[in-house]
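Pulled from TrEMBL:
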REPEAT    638-671  repeat 'TPR'
REPEAT    672-705  repeat 'TPR'
REPEAT    706-739  repeat 'TPR'
REPEAT    756-789  repeat 'TPR'
REPEAT    790-823  repeat 'TPR'
REPEAT    852-885  repeat 'TPR'
REPEAT    886-919  repeat 'TPR'
REPEAT    920-953  repeat 'TPR'
REPEAT    954-987  repeat 'TPR'
Amino acid sequence: MNNSEDSSNLIERFKRWTSTHDIYSLKKIIEDNQISHKMIIESIKQLADSSVFDYYSIETISELELHLRTLVSLIEVICKSKIRIRHELREKIYAQLKNFAEIHFRSTEVNEQGFNHVFRSKFEDFNPSPKSTTLPDLAISNEGKVYKDVKRNYNIDFLLLHLRDTLHCMRDDEDKFLEVWRRTKELLRKILGITPGLVKTGISHGALIDSGIELLFKNLQEAFTWKYPISSWYYEWRTLLELNFNIQNFFQECSLPPNYGESLLLECLWHCASKSWLTPISNSESLTNKKHFINNLLGMEPLAFPHSLWFGALDITQELITKTQRDSTLGICYYLALESLQKAPSSFIRFKAKEVLIKLSKRKILFYNIIENDFNDYKQSLDSVKRLKSHQMIEAIREKSFYDEKLVGTNKSNVNDSKKKGKAIITDSSASSRAIILSGDSISDIIIAELCCPITYQISKNYQILSCCKNFISPEALQRIIDKKSQPICPLCRKTIDLNSLINLPQSEIFQGILNRFNEDNYDVQDHNQNTFNEDSDEEINISKLKSQQKFRTSDSIRRKFFKTPKFLYSSLRKKANIAYKLGEFETAINALTEILEEYPTSYSLQCYRAKVYIECNKFNEALKDLNSAIEQKSNKFDAYLLRGITYFKMNKYKESLDDLTRSLEIEPNNTSALVQCGITYYMMKDYDESLWDLTKSLEIEPNNASALSYRGLIYYMKKKYDESFLDLTKSLEIDTSNKSPFDLIQSLEIEPNNASALIYRGIAYYMMKEYDKSILDLTKTLEIEPNNSPALNYRSIIYYMKKEYDKSLLDLTKSLEIEPSNNGIIYYMMKEYDKSLLDLTKSLENEPNNAPALNYRGAIYYMKKDYVKSLLDLGKSLEIEPNNAFALRYRGRICYERMAYNESLLYLTKSLEIEPNNVSALNHRGIIYYVMREYDKSLLDLTKSLEIEPNNASTLSYRGIVYYIMKKYDKSLCDLTKSLDIEPNNYKARFYVKRLD
């Protein structure tokens, strides 16, 4: 069946309103230009009918957005085609905007407040009344009702504004949109320097236009001479839309690679966003009179939300995230959304920035971890009220995203899709934790690699595209080539550079926007007003001589003749070493650094770097060779002494270690790494007073250093300062959950038989280490000495509960309740009296809103009641207080599973299992998710481990039996399924597969 027949059938189904998925299919056909003009008009008539929305729900919000986006796509096809629609049809669409606005606000109200409120919509809901001051933050009805902004889908507001102004621009006697694009192309050719007949004799003759993008938007406003007024933001929005629709075709016409079109679009997006956040809200943008929206053709200017252009730029950014194949584009989009969130003046922009970030977090797992951290940092910067609103908005957007994906049948794993395509994606738990460590550094590395000139390895505000090989270089590099030779030769392809065919690629907006996000040690900036070729570099590295595998290789003779390499030159090998080191691929890092050192054997920084990697590999003798050489060259520098001190320490040569560490502190007295290492060395030498002094000084400078806290806690313990010791060790474990070595040492220490403080301390330490039997012994001894010790009762009750000794647990909790009544809700929870528990927990949280255990248990109860939104709120707040709470992570993973967000569920469950590796519930759920995702080997591992801990779990046995069946291991499958049915005879899944095996 051809595309025309497909379209016709789709329209017929669409007329019968059989499925919202048909609307999505129609939208895809429109975007692929596979629909005839007749079908366009038929579809518009159907989509202009708001009567199909005859109920209100959260699904209605997602359906309405898809409905309006499809209508927008159809209107844009008309704008780009040689087709005009009649006045009557335009008026019909325009008349329906009021109804769509009413559906939007009513659905939002139902979602937020339930069905107990009366709603009387006026068209002013679409354009708020003058009583609104901050505009996007409050949606105001004619009754003066204030709608909470946290669950409002501002995409719908924006789409309605866009439709209104686009309909104002459309006429049946003229076609302005094609004229706009024609002028856009003319200006682009001038700005990029590809206008026929434009002669360039070199970049010094003014071929570059630094403010080209700004000129483009400014000059194009002359093309807008509409008969009827439109919003002021729409002029630039229309220009940005035309660029988004046509930029790739334009670059294809110019025989240029499509990635340059993407780079130019990103530059335009940054221009529009940065211009918006630098522009204060003016009074002319306020919404003042409802007649602007009733009498839409009377010539008065229609008004809109402030910063609508900014919102539109982010909307295109979100679209670009779904389409691009370039990691650098994802990185630049990430920084644009993050910058927008931090500078957002209203909920209107905050909503969109968060949605873009959440969309990006679903594209790649690396971004998920980074963006989760960004959200946490952002919320911590707010006061308590705004923090709660921000958290609720993020959760509402996540829920919206879930329904959006479910609506169009795209709730799939991009990670899995990438696997099928052969792309490298981090999926295992260890890699997931490494992704958090990589964070912004890896993103900036990717972007720097993209933005750096391949000749100078410096970032520039503008570039020149060479016609000979279609690569780009910086204007400074090109100028240097021109100055040295009358017939300039391209260092990349060795062909003659045609100065008359150079093409400009402005990147100044991106450059200015992301400059402050980079570590200055990782890049070098080319200032167009300075000579960046440093003649006095003491660490000159000639990259052309390296045996690297980089994409662009510059010949030795060209580089020697034309360039002095900048001091902080970062080659592809250096970047390769950086990334390999962060990923724990130490041999790869060593090989890359060795390759550089073959040419530059006396580089101090490279020797120290390689020594640091050798230390990680326990190759101490090789590390000492590098460090001895570095110290011989520069005996007054700090780094080599510190690294050599660490090396000697690992070799148990404490005296030599202390000598080097002391020397390093003479050079840098307040270096925390040296102070901590010095304190640990003194500890190993049993000089506890000196150790305590160094560790305390280091913690004055860096209070959250886990190693310093753990060793100082250990010293306090040995000095019988148990409270101070417990505080330090607990804080250390909260910062670094893997740092349990001090607790291991505590096990070997003797305790006075009647010292209750020491006993409860060690009992809690054993609990943290999951040594529950040893913990019970110490806690019981504590209670023999102090029968009313509430912490001992609480911890022992928890352990009894985990060991399923419920009577003993209840006795301890009951006694604890007599001492501390606030534990009542938890006791009811353990007794499975959930309604009573919910009442007590809610009452407890009114008095103590940041009580993490109460939040956890109430979140669990909401989960069991299938009230997932409330459950997510409680668990999310608990995780803000205790980010490594396995209970909250586990339940959050279970909620994501119930909502079919399998990748998010995997992230939470995996993190919970890193904290509690033997938790049966988490293992079962993760095993089931792997089963659903058809990753049977991983599923089998989790289910088997779960059954080793709890061998008679009927559900787990049945799932493992099914996995064995799928893997064609029929004997094992039958064994598991039969055992499952012995325990639970009515297990229908097990019965079904047993019948198949028979």
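Even glycines carry a Cβ here, placed using N, Cα and C.
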Remote residues contacting the repeat 'TPR' (790-823) - C-beta distance under 8 A, at least 6 residues beyond either end: 760, 763-764, 767, 772, 775-776, 779-780, 782-783, 830-831, 844, 847-848
Mean of pLDDT values spanning the repeat 'TPR' (954-987): 88
Helix-strand-coil residue split for the repeat 'TPR' (638-671), DSSP-based: 27 helix, 0 strand, 7 coil
Helix, strand and coil totals (DSSP H, G, I; E, B; other) for the repeat 'TPR' (790-823): 30 helix, 0 strand, 4 coil
